[in-house]
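Participant: This is the structure, below, for whatever I ask next.
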Amino acid sequence: MPESKYRQQTIRAPRGTVLTAKSWLTEAPLRMLMNNLDPDVAENPHELVVYGGIGRAARNWECYDAIVDALTRLEADETLLIQSGKPVGVFKTHDNAPRVLIANSNLAPHWATWEHFNELDAKGLAMYGQMTAGSWIYIGSQGIVQGTYETFVEAGCQHYNGTLAGRWVLTAGLGGMGGAQPLAATLAGACSLTIECQQSRIDFRLRTRYVDEQAATLDDALARITRYTREGKAVSVALCANAADILPELVNRGVRPDLVTDQTSAHDPLHGYLPSGWRWEEYQKNAQSDPHGTMQAAKRSMAAHVRAMLAFSKMGVPTFDYGNNIRQMAKEMGVENAFDFPGFVPAYIRPLFCRGIGPFRWVALSGDPQDIYKTDAKVKEIVAEDKHLHHWLDMARERIHFQGLPARICWVGLEWRQKLGLAFNEMVRCGEVSAPIVIGRDHLDSGSVASPNRETEAMRDGSDAVSDWPLLNALLNTASGATWVSLHHGGGVGMGFSQHAGMVIVCDGTDEAAARIRRVLHNDPATGVMRHADAGYDLAVECAVEQGLNLPMVAATQGKG
């Protein structure tokens with residue numbers, strides 16, 4: 001690995017109200033970049049890796065230093081351009097333009113493969129930004145906890161009469177994304193057994209209370225699960241092992257979980273999925289010396305993993321892909337029926353997307369947890385009738401450990417995002433919170449992604465692969481005045497399989513911020529309603545009508561009906 005990708009340095013975002021940059025609009029991206037590399041947040045901060053295999057915040061340490069310098073100098077009418085983690089230009093724009101525009105990992109379609117990307121990465125010409133790593137709005141595992149919780153709750157409604165009490169979830173992966181699974185299962189009322197091949201990840205999840213217990217052996221794990229489900233307790237158990245070994249063994253034993261999924265980093269066979277029989281150190285070494293052979297070995301293990309998932313599905317166990325592209329990897333290794341079980345979005349989440357509901361998140365730049373608790377109360381006050389959301393916020397406060405700057409996520413839609421943003425901005429203006437708040441979201445949202453094996457799988461009109469939508473989302477957020485906007489490729493499912501956009505907006509308490517918030521936090525979720533209405537989803541059309549969206553072709557179609 002080039003020296004510039006490794007530095008023994010501890011980075012933490014500044015706290016409080018003293019500015020390093022020239023305004024809060026440039027201080028915010030600076031703090032969030034640093035927060036992504038906080039050792040309590042990032043998986044491997046010394047190599048700039050935030051989460052998801054090799055999802056980085058900056059291309060190398062020289063680029064990181066240059067980004068920090070540029071942000072501290074940036075004027076109120078300038079925009080910094082980031083190309084795959086490298087600051088390439090500062091241009092005069094205007095005070096309502098984004099302060100930062102980011103493009104990460106984008107390749108011309110024919111060349112959008114891991115092989116070509118890895119060549120560019122080795123030459124220092126590219127950076128994998130994942131979704132929120134390179135767009136500087138990662139908040140640790142909390143960022144996916146509620147989405148996973150909502151998925152498990154909906155699965156309980158569909159398959160088990162509305163409750164997961166006395167049930168258990170079998171899954172794997174305790175990295176930045178997968179680490180949310182055991183806590184989400186517990187919050188949804190279920191037990192869980194999560195397989196993870198790195199002891200350090202299990203230790204971190206135990207320390208932060210995302211996992212309750214670790215079992216010493218598979219027999220021990222199953223005994224614990226049997227006891228807890230019989231007692232009706234929701235307890236999460238981790239086992240240090242390889243999922244490609246454990247899932248087939250469970251099938252052979254005739255063990256029957258109640259839900260099966262997976263969140264290993266299968267999207268990246270070179271860095272994210274340990275081949276069966278290998279040690280992690282051996283995997284890292286071979287990734288450098290024999291990348292092709294390493295990828296093939298990882299994908300062979302994924303094939304065994306997916307065959308076991310297919311076997312569970314054939315038993316009648318609800319089984320679903322949680323968006324890591326493991327089915328595609330298995331299919332490439334000859335598992336022709338890999339897609340016989342669905343992805344989580346078409347199975348459980350799409351009705352939410354039709355209403356523009358998705359992972360709305362915010363961060364207290366002050367570093368004071370009390371600011372988040374005050375915003376929690378404000379959300380309850382504004383979204384007064386949503387008791388399910390209130391329950392989530394109560395559980396989040398009780399169980400979720402803040403990583404880095406205090407943050408919160410809650411899934412809300414078009415109807416509420418603008419109202420919440422304006423309320424937060426007013427809290428900053430009147431001093432109810434001690435410093436500005438940034439509002440962002442995952443790129444996994446209703447109108448910001450094209451990913452045929454994940455968010456846009458099995459679209460009603462067959463438009464799964466059409467990536468005009470995330471491009472339009474990024475353009476509209478730029479025109480609307482988001483503080484920073486990002487457009488990435490390959491997040492979640494790997495090179496060649498997705499394109500997606502993100503936005504972040506700062507609530508600094510000013511009237512100008514309020515005007516930007518009105519535009520951005522309406523237009524951003526509205527693109528999700530638009531995208532699904534255009535695809536023919538009645539729920540999205542109804543939402544568009546209720547919210548007064550101007551969708552010419554949808555209106556014309558409705559008129560003909």
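The chain as shown is numbered from 1 upward.
Quick reminder: no glycine exception, Cβ is built from N, Cα and C everywhere.
From Swiss-Prot, here are the annotated features:
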BINDING   52-53, Gln130, 176-178, Glu196, Arg201, 242-243, 263-267, 273-274, Tyr322, Gly492  NAD(+) binding site
ACT_SITE  Cys410  active site
Participant: What three-state secondary structure does DSSP assign to Ala243 (NAD(+) binding site)?
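Facilitator: It is helical.
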Participant: May I ask for the distance between Gly52 (NAD(+) binding site) and Cys410 (active site), taken between their Cα atoms and rounded to an integer number of Å?
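Facilitator: Taking the Cα atoms only, Gly52 (NAD(+) binding site) lies 22 Å from Cys410 (active site).
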Participant: So for Ser265 (NAD(+) binding site), how many other CB atoms are inside 10 Å of its CB?
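Facilitator: A count of 27.
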Participant: Long-range same-chain neighbours of Glu196 (NAD(+) binding site), Cβ under 8 Å, sequence gap at least 6?
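Facilitator: Looking at Cβ-Cβ distances below 8 Å from Glu196 (NAD(+) binding site), excluding near sequence neighbours, one finds Ala172, Gly173, Leu174, Gly178, Ile202, Ala238, Leu239, Cys240, Ala241.
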Participant: With Cβ-Cβ distance below 8 Å and at least 6 positions apart along the chain, what are the contacts of Cys410 (active site)? List them in sequence order.
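Facilitator: Gln146, Phe360, Arg361, Val379, Leu389, Trp392, Leu393, Ala396 - these are the non-local Cβ neighbours of Cys410 (active site), listed in sequence order.
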Participant: Please give me the CB contact count at 10 A for Gly176 (NAD(+) binding site), counting all chains in the structure.
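Facilitator: Here the count is 28.
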Participant: Fewest other CB within 10 angstroms, which one of the binding-site residues Gly52, Ala243, Tyr273, Gly492?
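Facilitator: If we count Cβ atoms within 10 Å for the binding-site residues Gly52, Ala243, Tyr273, Gly492, the smallest count is at Gly492.
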